[in-house]
Amino acid sequence: MIQSNTVKLLSGQMMPVFGLGTYESKNKDIMTTLIRTALDDGYRLIDTSKIYQNEKMIGEALQEIFSEGKYKRSDIFIVTKILPFKQQNTEEAVKGCLQDLQVEYVDLLLLHWTFAPPGENFQINHKPVHVQWQELEAVYNKGLVKSLGVSNFNTQSLIDLLSYANVKPVVNQIELHVFNQQKRLVEFCQKLQMQVMAYSPMAKYDSIINNETIKKVAEKHKVPIAQVLLQFLLSRGIIVIPKTEKPSRLKENFQSLQLKLDQSDIEQLQKLDSKTRVVDVQHYEYFFKGIPYFD
């Protein structure tokens, strides 16, 4: 693992601060090209999830890339996630992820949400987190995962989890961007030495491309808007996993690590916080049945 641009997790692992998000990426050829190009550009982190339905594709892409001899498994930090389904055998679920990814372990396994989507007629379909976490700890103790973390956990959920967890979560992956900065939750996690990982770090394209504040900061530094948005989070000590289907954008995004925003830039961007979400499960009627999770 390359040591630059990394943070140390509570588990002792070194985790890259910049990665490739793969949500909605479902074309094998595009995926292979993206991962190969990302690695060449300096990326060492890949984020996926069981519910993204692309772990198998990522595994095939990685095997093709590894066979070329330039990269090996230990060069890449792999993150995946599972949901706490009531009838799910956790060890079998994790082994299924490993089989699809064609690896012997994942570097970080996240509990994707505090609940699983309800079944027919809104039947409750999830394990309580304290039960699920105990099962995740068993998987961790068997060496199938190197670290455990959570995703979409608020302060109350974290406090509850920390009251009984023997293996502490090392990461909380949440939606973070200039329009949804979640300052207090980020600070709470950081006080606990829990790394914060941002999904949707560039918000929605149509909401940023015409924003005058963001445009002015980008013009001032003569950089693309994406670099401003990503560096704004990186400067707060947040891990970012932007996604793109365009290999040409990978290097451009990664170069945000070199950008230095001054205090006036940061203060202007902080004023854009409107607590506006890109991802809200109540809008995913087909899967989450309209649960008002963030209300």
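Backbone N, Cα and C atoms are what each Cβ position is placed from, and that goes for glycine too.
In TrEMBL, annotation is done automatically, which means it is predicted and not curated.
Taken verbatim from TrEMBL:
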ACT_SITE  Y52  active site, proton donor
BINDING   H112  substrate binding site
DOMAIN    21-273  domain 'NADP-dependent oxidoreductase'
SITE      K81  site 'Lowers pKa of active site Tyr'
The residue listed as 'substrate binding site' in three-state DSSP notation: coil
Rounded to the nearest Å - Cα separation of K81 (site 'Lowers pKa of active site Tyr') and the residue listed as 'substrate binding site': 5
K81, H112 as recorded positions, winner by CB count within 10 A: K81
Y52 (active site, proton donor): secondary structure state under DSSP, collapsed to three categories: helix
Alpha-carbon spacing, the residue listed as 'substrate binding site' to Y52 (active site, proton donor), which is rounded to whole Å: 11
